[in-house]
Each structure stands twice: as structure tokens, then as C-alpha cells.
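Encoded as C-alpha cells, the structure appears first; notes follow it.
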Amino acid sequence: MGLSYQLLLCLLLCGGAKQCCSQPLWLLPGGTPTPGKLTSSVEVECLEAELVVTVSRDLFGTGKLIQPEDLTLGSENCRPLVSVATDVVRFKAQLHECSNRVQVTEDALVYSTVLLHQPRPVPGLSILRTNRADVPIECRYPRQGNVSSHAIRPTWVPFSTTVSSEEKLVFSLRLMEENWNTEKLSPTSHLGEVAYLQAEVQTGSHLPLLLFVDRCVPTPSPDQTASPYHVIVDFHGCLVDGLSESFSAFQVPRPRPETLQFTVDVFHFANSSRNTIYITCHLKVTPANQTPDELNKACSFNRSSKSWSPVEGDAEVCGCCSSGDCGSSSRSRYQAHGVSQWPKSASRRRRHVRDEADVTVGPLIFLGKASDQAVEGWASSAQTSLALGLGLAAVAFLTLAAIVLGVTRSCHTPSHVVSLSQ
């Protein structure tokens, strides 16, 4: 009763059990509490993958030594180690052994088991000198920390390996159907129609990336420096083809961050007998959370408002499209035609660019208007039919002439009459 009154008074004065008792109360059979002297008799060492429990044989602090064989760790009856010391008993077990249970909390992994003291009667007598006791054992490991006693030593990936990993990005440029759902199977288009182009990058295991079309130049051959040429996209993402009498533009919004779609009015090169077109575009990616700027943008020219508008970001990033001064360190191919205008390894010079590549779609066949093609086809068919008719007439005339000539010759041949004598 004295302990109960003291505990009640402490609770009223201090307002909590933690202030009243610095150690947990161990409950014996019958519910009788005893002060936490057992904690000073039991020591637990939590290692990286195991725990070590050291128990004083004077478990209850009464001077009465317990027997080592009366102690077990966990319900699996893990026995103590053999020790030459007479005053302590030691257990050593893996974290998953001796009935250890693991509990995951918000900030820790808690492994718990119990140390059991089950006294046996004194040999030859039916009496006990000590009480039964259950001592909870816990090991707590922070979830956000280093479990090992050694410091973490990071291994940096070599630069060549990093580059190889980045180069696993796969860029593509495809000619699409009008609904953007499937790739167009036929490469043929006519003047007055629209070519639907889709640039895309397969990011694989990379973090989310945002794709940009830096520039695009069509040529009559796969050589991107060939002549004649025409510029569709320039100045790091300005679709300058929309400045001419066309409705070429980027599609808003994007279908995905790693995809960019744009339309181009079909054209052909003047004074060129070739109808094939190869479109080479320089594609690049940046982190998806990076804000578009003058070097990374997708801008279209709005003919109705006579202004530039971006696919995403602030409209100010498109302000340089009119002047062509978009932070480029070299002259644009739109300003001066030359082989060196396509920079190589630009990702090494601009740190904010993760990766980039030149991709080509073609050959695309851009013909005249479909109606013109129909007229030309009808004229060509008529000419073919006329030539065929004249040829047949000539053959018939020659055949008739040969027949007449043969008949004439047969009429002028003399006949010989043979008379037989009687």
C-alpha cells in the first residue's frame, strides 16, 4: 500500500508516469509491481546484425545468485553461452533468432524478444529461492541512418560510364497521320497538304525529361549540309517556317513531356527536279522541372496576332525569335549556310542540357497538287493511248502492204502446161 500511495502522490504532483519512475515496472505473477532493479542487472548491446545480452547472476539485487540454466532468451529456449565467469550470463543471437519480432515504426525498426527466468526447485527440495521473471529486450535501429558502425564510402561512377548511361536515350522523328495516333505509312504528300511530324525520346529509367526541337533543316538528300536547304526550326526552338505564308506550328499542349509535335506545310525546292525531302532535326532534353529559357523552348508564330507564343513557360522566352539573338554562341544556319553550323557535343558545353542528338526522317516525297497530278496523269495516259494507236495502225498498214505485194507477184508468174501424148 505504501508504494501505491507514493506512486499516486507522484502522479498528482508530476503529472506523468515517466517522472515518477525512470525505469519500467516489471509485473510479477499476481500483478505485484517491483522497482526496476532488473534493468541494472541486464545489459543489451545492439550490433549491426545481432544482439548481445549480458545478465548479472544477482538478477534481483538480493545477493542470491540465479542458475544459468534457469535463463533462456525467447520462447525458442535459446541457451546462454558457456562462460568461465561466474557472476554473469551472456547470450548472443542474430536479430532474426530467439523469437525476435520486428516492428516498423515511422522512424525506426524495432526488434524485440524476452529474457525468461524460470527457476527450478532446489535439488532434493520442493522450494524456490527466487521468483519467475520476464524481461523485455529491445533493439531500435533508425530507419533514416547508417546501421553499420562504419561510415558510408560512396563509389563515384566514372565519367565514361555516366556518358554511356546518358546515351541510352533513344531519339526519334516520325511522319504521323493527321490524328497523331499512328505513323503514316506512305511517305507521299502533295502541295497544299500538311506534314505532321512527331519528335520523341524514350527516357528509359531516367528521371522525367522535357524534349525540345532545337532546329530542323530539310534537304533534298540525307546530307544535312546539302543545298538547296530550307529552315523550319531555328534559334533554339523557334519555328521560323511559320513566318512565311504557312501555318506551321507546334501543337499545344504536349501529349507527354518527352514528346513534341509540330506541323509543316508541304513544299518543294524551286528549280530542283528531285521530289525527295530529308528533314534533319537537332533534338535535346532537359529535366522536366526546369523552367524553359531562351536556349530551351518551343515557340510558334501566330499570324493573326503577329506574335510568338511558347508551348509552355513564359512568353518572354520567345522574344528573341524575331531578332534571332537567343543566346547562341555561334551564327545560325538560318543566317549563314555552312557545314560547321551544326555543333557537336553541345551537351558538354551546356551543363543544363542532359543529352541531344541529330535525327533524320525521310525520304519524304513532296509532289505537286493532287489535282495537277490527276491532269498530268490524264494527259500522260492520253499520250500513251495515242502512241499505241499509231503503232497498231502502222503495223496493220505494213501487214496489208505485204499481202498486196505477195498477191501481185503471184499474178505475174508464167504457167507451164504439160501435155501427155496419147
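The chain as shown is numbered from 1 upward.
Placed from the backbone N, Cα and C atoms, the Cβ positions cover glycine too.
Residues or ranges marked as domain 'ZP' by Swiss-Prot on the basis of sequence analysis: 45-306. Across the domain 'ZP' (45-306), mean pLDDT in this model comes to 85.
Under the DSSP three-state reduction, CYS46 (disulfide bond) is assigned to strand. Summarising the environment of CYS46 (disulfide bond), the number of other Cβ atoms within 10 Å of its Cβ, over all protein chains shown, is 15. Taken from Swiss-Prot, the feature disulfide bond covers CYS46-CYS139 (among others).
Secondary structure from DSSP puts CYS98 (disulfide bond) in coil. Within 10 Å of the C-beta of CYS98 (disulfide bond) we count 23 further C-beta atoms, all protein chains included. Swiss-Prot lists CYS78-CYS98 (among others) with the feature disulfide bond, giving similarity to another entry as the kind of evidence.
Summarising the annotation, Swiss-Prot assigns N-linked glycosylation site to ASN146 (among others) and lists similarity to another entry as the type of evidence.
Residues or ranges marked as disulfide bond by Swiss-Prot: CYS216-CYS281 (among others). The number of other Cβ atoms within 10 Å of the Cβ belonging to CYS216 (disulfide bond), over all protein chains shown, comes to 26. According to DSSP, CYS216 (disulfide bond) sits within a strand segment.
The Cβ of CYS238 (disulfide bond) lies under 8 Å from the Cβ of LYS297, CYS299, PHE301, TRP308, CYS318, CYS320, CYS321, CYS326, each of these being in the same chain and 6 or more residues away along the sequence. Annotation comment: Swiss-Prot describes CYS238-CYS299 (among others) as disulfide bond, evidence class similarity to another entry.
Feature annotation from Swiss-Prot assigns N-linked glycosylation site to ASN271 (among others). Neighbours of ASN271 (N-linked glycosylation site), defined as other CB atoms within 10 A of its CB across all chains, total 5.
The number of other CB atoms found within 10 A of the CB of ASN302 (N-linked glycosylation site), across every protein chain shown, is 12. Taken from Swiss-Prot, the feature N-linked glycosylation site covers ASN302 (among others), and the record attributes it to similarity to another entry.
Residues or ranges marked as topological domain 'Cytoplasmic' by Swiss-Prot on the basis of sequence analysis: 408-422.
Note: the Cα of CYS216 (disulfide bond) and the Cα of CYS98 (disulfide bond) are spaced 69 Å from each other. A simple Cβ count within 10 Å picks out one of the disulfide-bonded residues CYS139, CYS299 as the most packed, and that one is CYS299. Straight-line distance linking the Cα atoms of ASN271 (N-linked glycosylation site) and ASN302 (N-linked glycosylation site), rounded to a whole number, equals 30 Å. Least packed by the Cβ count within 10 Å, out of the disulfide-bonded residues CYS78, CYS281, is CYS78.
A strand conformation is recorded for CYS281 (disulfide bond) in the three-state DSSP classification.
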